[in-house]
Amino acid sequence: MQPLLLLATLTVLVGVTLTVPAKEKRVHHQRDLSDHAHDDSDGYKYDHEAFLGKEEAKTFDQLSPEESKERLGKIVSRIDGDKDGFVSHVELHNWIKHRQRKYIEENVDKHWKEYDQNKDGKIAWEEYKNTTYGYYLGEEFDDVDDKTSYKSMLKRDERRFKVADRDGDLIATRQEFTAFLHPEDYDHMKDVIIQETMEDIDKNGDGKIGLEEYIGDMFTPDDGESEPDWVLTEKKHFTEIRDMNKDGFLDASEVAQWILPGEIDHADNEAKHLILETDTDKDGQLSHDEIMERVDELKISTITDYGLLVLGEHDEL
């Protein structure tokens, strides 16, 4: 079995047209609503994934437009908590938050079954270590091509596990294991996120991040390839924004300001954005017809790429 790579989650800001590819961003506020860039000029994939959820994206696109519209109508009915025929900002905000929580719960469930070997409702460090690295531990990684990397991963996982393990017994409850898998959602995990980020980017190990290291983490040009515009923008951000004390480097505190700049409510921003884009009569809320009209305009197949909600089979949704 391949080791679970528990690297810091790469996320993007909501409501901003990005110049940097989404996969290159390291901002952690909270787990992002979508892996896509939030750029309506290049499609609406972010909005659809935020609205319908990440993990339910496997087969919705196989439905006909009629079937997709029928399912979406049922979803809208669920979002409309007070059943007044309209989706308010509060209702949409709550729905998106629900989808966020659901994603995390399902992700933890998937890994929980794999790592709770003795089925006692907890996951000990030894269980996690043996399940993830057991094949290699007996030989001390001697049969692994990059054994230094594997040893580093093991050390890093152990450190993160111990920080998540609040009572220090090396046995993770479900909440502690959730903090281990999703550290960006827990205040007491912020230091380990910063430490991991520093280790990832600080290639020369001097305890700080220079401009070349900062850009190198995002972009490595092929032979003869010129730098794209977003790299020039990031260099400017490094100098003018990230490097707060203007010493030419990012220290841990500056990295913290960069990747953990404070609580931004992604769900709230996305709810506002969806209403702004979909509320044709500008009454501050969405009617069933407004949502369906927007679906027709964007084509059902685009929306349905990002959400299989099997209503009837999964009523908890």
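Yeah, the Cβs are placed from backbone N, Cα and C, and that goes for glycine too.
Please treat TrEMBL annotations as automatic predictions, because they have not gone through curation.
Given the structure is predicted, the values throughout are model-derived calculations rather than measurements.
Per TrEMBL, the features are as follows:
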type	residues	note
SIGNAL	1-19	signal peptide
DOMAIN	67-102	domain 'EF-hand'
DOMAIN	103-138	domain 'EF-hand'
DOMAIN	152-187	domain 'EF-hand'
DOMAIN	189-224	domain 'EF-hand'
DOMAIN	266-301	domain 'EF-hand'
What does the DSSP secondary structure composition of the domain 'EF-hand' (189-224) look like, as residue counts for helix, strand and coil? 19 helix, 2 strand, 15 coil
Integer mean pLDDT for the domain 'EF-hand' (266-301): 76
